[in-house]
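Colleague: Pasting a structure below so you can have a look.
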Amino acid sequence: MEYKHFSHRHNLNIHQVQQGQQLLCSGCESFCHGSVYACWQCNFFLHSHCGNATRYMKHPSHPSHPLILIPQPTYCSGSFLCNACDQSGSSFSYCCALCEVDLHVHCAFLPPEVSHKVHPHELSLTYSALEKKGAPQFCKICSKSLESKHWTYGCTKCDFGVHTFCATTEVKPGLYQMEDSADGATPEGYPGLRQDVCEAKEDQIEVELSEEALVQLYKLQLQMQMAEQVAQVMASMNLS
């Protein structure tokens, strides 16, 4: 069985990663495990949750606008800084170009609650560090600083907070799906992939063009935002 993913020009096959194999996911840039989608011709691999990630989502951390899954960052640097974990990335991200919000795929699908052996209570995901007046906050696992602008897992009863990446590596694919997020050509349960079974070439070209047009739209939005900021700076200089 072959599958087609919007981010890659060739069909993908399912491959079971063998012990000792080191395959890097082209979506999240981490090592693959379990079943992956593979194009051996290009050394292109996707975890199941990266390959099946929905094209759009309405995430509670950014309720103003939907986030779109893009295969590469649109910034001039070719990388992005994740608003959830503050780590950089250069591949798949959920993006709102208007607000410069970027999330790793695995951060976007973090479970709302997790358990950890270092604390007896459930830890809840929050989109900022637990604030305590007059005192900096530190992760109770790694002892490094918790920045208020980044996501954390915490227990408010115990004033207990930890980094997301210290708390869990679990992902919950399918959270926050939008009703119209899947392509019409995508089989149920595979929002990012579709089975390549007897589909007309015209349909494939139409999907590819629409995806490219959508990415170009976001690039244009970002350029317009940057131009507006430059105009505001110039205006303030003229006033002074």
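From the backbone N, Cα and C atoms, a Cβ is placed for every residue, glycine too.
These figures come from a predicted structure and were not determined experimentally.
Below are the features listed in TrEMBL for this protein:
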DOMAIN    60-108  domain 'DC1'
DOMAIN    118-167  domain 'DC1'
Colleague: Of the residues in the domain 'DC1' (118-167), how many are helix, strand and coil by DSSP?
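Modeller: Across the domain 'DC1' (118-167), the residues distribute as 4 helix, 18 strand, 28 coil.
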Colleague: According to DSSP, how is the domain 'DC1' (60-108) divided among helix, strand and coil residues?
Modeller: 4 helix, 15 strand, 30 coil
Colleague: Average the pLDDT scores across the domain 'DC1' (60-108) and report the rounded value.
Modeller: 91
